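**Q** Provided herewith is a single structure, encoded as structure tokens, for subsequent inquiry.
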Amino acid sequence: MTFKDLRDFIAQLEQRGALKRIQVPISPVLEMTEVCDRTLRAKGPALLFEKPTGFDMPVLGNLFGTPERVALGMGAEDVGALREIGTLLAQLKEPEPPKGFKDAWAKLPMYRKVLSMAPKVLKDAPCQEVVEEGDDVDLGRLPVQTCWPGDVGPLITWGLTVTRGPNKERQNLGIYRQQVIGRNKVIMRWLSHRGGALDYREWCQKHPGQPYPVAVALGADPATILGAVTPVPDTLSEYAFAGLLRGHRTELVKCRGSDLQVPASAEIVLEGVIHPGEMADEGPYGDHTGYYNEVDRFPVFTVERVTRRQKPIYHSTYTGRPPDEPAILGVALNEVFVPILQKQFPEIVDFYLPPEGCSYRMAVVTMKKQYPGHAKRVMLGVWSFLRQFMYTKFVIVTDDDIDARDWNDVIWAITTRMDPKRDTVMIDNTPIDYLDFASPVSGLGSKMGLDATHKWPGETSREWGRAIVKDEAVTRRIDELWSSLGID
């Protein structure tokens, strides 16, 4: 499935019966969350609210509410095909030297395709068909959702934030929630280790006191949005990766007020600056944990300019206790992670991030164990190899006879193959999600690894239990007789 922009994607989803237009007036304050939540839990379609109460701008919700739609957004026809994307990323992250001329020739098309996907910069773009500046800027015209009863106010959720560090050519794309606090001001809630926050910190060090340019694209095409949340190697820009997913180069346009480049087909772009030292209290908001987060201070983004398409579509979502849209994204992106991990750790058979664990706080790994202590090496590798797992609190490692995605199997392995003292690894003072109020200090907490593998000599002095296995001949005979027994 290929598409040129968000509108093309919407049209193709509608042709497939995977998008529903809602013509009944629905309020962005609480009501859209209720409708989207019920639809997502029923594995229903994407929703285009054509008459949001109090606004004349349609709202797109539940766009990535099923793993299948995430796959379509990444240019794949099914979720299983996402493993191929993971294999490509693994090759780009850790390229292997060719084994000979034939191997080099075979790999050449892949690298040539990557090199050919550099973004294309346009002079004119749909996202700049309408320009509002200065006193004409009014974020109150956007149908920004207020998702939960305890939320402090409207929250921009699907904004693609574009930044650049002072010493970098490559731009960073990140998705950070933004609390609307005024006609032209939002709070930029980026965590300290995220790309945008790092770029901003470097800017403040090199240009103290000077305003920092930022742009936020709303309603970019799905490949660009999903490229921003995928573990793209540092050698590959998110824009180039989006081109690979889409099958053609990402088209960009230079912002009107800075050198930042934004997706040319975006529905809405917010341009402006962060004034160093201007901070505000952010929150509380209901979040993907299922709780309201505590109030914390973050930089204020002053919007100097809004550019947009004619009759734009506002793309939004809500976050709450799983399942929610981020959890569904996690289920799909899980398939991308597997080949990347297997490239570094070939002994890994499967890797699973349960959506119930907020899609990143717990991981289950199955592996082909080869020596004593092997499980501990793998769990430490999971924590350190990809920054996406920096906040994973629990890593469960077990043997390849266990289905990582079946809790009955996993719990059986934990309760029969673990000694709590010997097989539990505790690591203190590690990075933890700021939203994790269970940690004793904001942003710093502990991690637990559970070794639920069979134990080898050296790990135990006892004879290890032998698993019960059925007699295959008896199983075949009963299979043949089963229908005659009248049991079901």
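Using the three backbone atoms N, Cα and C, a Cβ is placed for every residue, glycine included.
As annotated in Swiss-Prot:
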ACT_SITE  Asp287  active site, proton donor
BINDING   Asn172, Glu238  Mn(2+) binding site
BINDING   Ile175, Tyr176, Arg177, Arg189, Trp190, Leu191, Arg194, Gly195  prenylated FMN binding site
**Q** Greatest CA-CA distance (Å) over the residues Ile175, Tyr176, Arg177, Arg189, Trp190, Leu191, Arg194, Gly195 that the record ties to prenylated FMN?
**A** 14
**Q** Tell me the Cβ neighbour count for Asn172 (Mn(2+) binding site), meaning other Cβ atoms within 10 Å of its Cβ, over all protein chains shown.
**A** 19
**Q** Quick check on the binding-site residues: of Arg177, Arg194, whose CB has the lowest count of neighbouring CB atoms inside 10 Å?
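**A** Comparing Cβ neighbour counts within 10 Å for the binding-site residues Arg177, Arg194 gives Arg194.
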**Q** Among the recorded positions Arg189, Leu191, Gly195, Asp287, which ones place their C-alpha within 10 angstroms of the C-alpha of Asn172 (Mn(2+) binding site)?
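**A** Those close enough are Gly195.
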**Q** Near Gly195 (prenylated FMN binding site), which residues of its own chain have a C-beta under 8 A away, given they sit six or more steps off in sequence?
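**A** Result: Thr163, Asn172, Leu173, Gly174.
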**Q** Can you give me the same-chain residues 6 or more apart in sequence from Leu191 (prenylated FMN binding site) with a CB-CB distance under 8 Å?
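**A** In sequence order, the residues whose Cβ lies under 8 Å from that of Leu191 (prenylated FMN binding site) (at least 6 apart) are Ala197, Asp433, Tyr434, Gly443.
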**Q** Give the sequence-ordered set of same-chain residues, not counting Ile175, Tyr176, Arg177, Arg189, Trp190, Leu191, Arg194, Gly195, with Cβ within 8 Å of the centre of the Cβ atoms defining the prenylated FMN site.
**A** Thr161, Gly174, Met188, Gly196, Ala197
**Q** In whole Å, note down how far the CA of the residue listed as 'active site, proton donor' lies from the CA of Arg189 (prenylated FMN binding site).
**A** 13
**Q** Could you tell me the C-alpha distance between Glu238 (Mn(2+) binding site) and Asp287 (active site, proton donor) in angstrom, no decimals?
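**A** So the alpha carbons of Glu238 (Mn(2+) binding site) and Asp287 (active site, proton donor) sit roughly 26 Å from each other.
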**Q** Looking only at Glu238, Asp287, which of these recorded positions has the biggest number of Cβ atoms within 10 Å around its Cβ?
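**A** Per the Cβ count within 10 Å, the most buried is Glu238.
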**Q** Rounded to an integer, what is the Cα-Cα distance in Å between Arg194 (prenylated FMN binding site) and the residue listed as 'active site, proton donor'?
**A** 18
**Q** Please report the three-state DSSP label of Tyr176 (prenylated FMN binding site).
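**A** Going by the DSSP assignment, Tyr176 (prenylated FMN binding site) belongs to neither helix nor strand, so it counts as coil.
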**Q** What binding-site residues in the list Ile175, Tyr176, Trp190 lie within 10 angstroms of Asp287 (active site, proton donor), counting C-alpha atoms?
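**A** The binding-site residues close to Asp287 (active site, proton donor) (Cα within 10 Å) - there are none.
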**Q** Just to be sure I understand the packing, how many Cβ atoms besides its own are within 10 Å of the Cβ of Trp190 (prenylated FMN binding site)?
**A** 21
